[in-house]
Amino acid sequence: MIKKIGVLTSGGDAPGMNAAIRGVVRAALSEGLEVMGIYDGYLGLYEDRMVQLDRYSVSDMINRGGTFLGSARFPEFRDENIRAVAIENLKKRGIDALVVIGGDGSYMGAMRLTEMGFPCIGLPGTIDNDIKGTDYTIGFFTALSTVVEAIDRLRDTSSSHQRISVVEVMGRYCGDLTLAAAIAGGCEFVVVPEVEFSREDLVNEIKAGIAKGKKHAIVAITEHMCDVDELAHFIEKETGRETRATVLGHIQRGGSPVPYDRILASRMGAYAIELLLAGYGGRCVGIQNEQLVHHDIIDAIENMKRPFKGDWLECAKKLY
């Protein structure tokens, strides 16, 4: 029977992580459970840095960006001996189960702990929206709001100078944030990792737009696809239009979470406690068709496919 749980945030921070922690803590306390917060993700778990959390520990947290527990990259957690120390620390503290909030790397750590016999529940916390088994991740919609605001501002200056702007958006190897921002921001062109890309094809599309009378344009592109400064120089050289690159960077991860992320994080946090009390371990939580769902975390990581939002891309292209 579960009496005490641990909660940690891991990997890149995302707006809404604090709301998720709050959801876990308040739901657990309402069921008579104790909660230990673990500082700095798996690193803090390995180093046994924990704190008892009560309802006041998470007061005024639902609107705060980042994660008050902290987060850290800890690749050494791949080592089974390191994980064995982590499990020993959990058992020493009387912790019966662990809730992990983070991205795919965080899920991998939770999966490994599950394989070693320690029950974990994973909550998807990343702005990249690249987690299997869920339509949306905690932080995605806040990051989208941030990106669209930046695009709106760039459009003002691009329009004034009849300039082409290339905007690099986070997402790693997932184009969801770029696609959504392109539609919401009215971008003329979008480049995502799921679709083959060539500079020449992009330039031809831009030239076609200029021929139709476009005076300025915004190109949204997912990070890691190319050097955006070099791409901007190439576009300027081929089109004769002044072109500038903007890398939004880590500003996309910050800020107060939008209401949808607060609601999603709160629901997922409370749902994690429901699952643990129902005897589930080794699960990851998602939202599909606005319904909370859970999947076997090993199956989700190793076997599930994450569908590409091709309909979003088609929509963006129709609106160029």
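Note: Cβ is positioned from N, Cα and C throughout, glycine not excepted.
Within GLU194, GLU196, GLU223, GLU274, the residue that Swiss-Prot lists together with THR126, ILE127, ASP128, ARG163, MET170, GLY171, ARG172, ARG244, HIS250, ILE251, GLN252, ARG253 for binding substrate is GLU223.
Just one of GLY6, GLY12, GLY16, GLY23 is listed by Swiss-Prot for the same ATP site as ARG73, PHE74, GLY103, ASP104, GLY105, SER106, and that one is GLY12. Take the binding-site residues GLY12, GLY103, GLY105, GLY186: by the count of other Cβ atoms within 10 Å of each Cβ, the lowest one is GLY186.
Burial estimate for the binding-site residues (SER59, THR126): highest at THR126, by number of other CB atoms within 10 Å. Cβ contacts within 10 Å of HIS216 (ADP binding site), excluding its own Cβ and spanning all protein chains shown: 20. Of all the Cβ atoms in the protein chains shown, 27 others lie within 10 Å of the Cβ of SER106 (ATP binding site).
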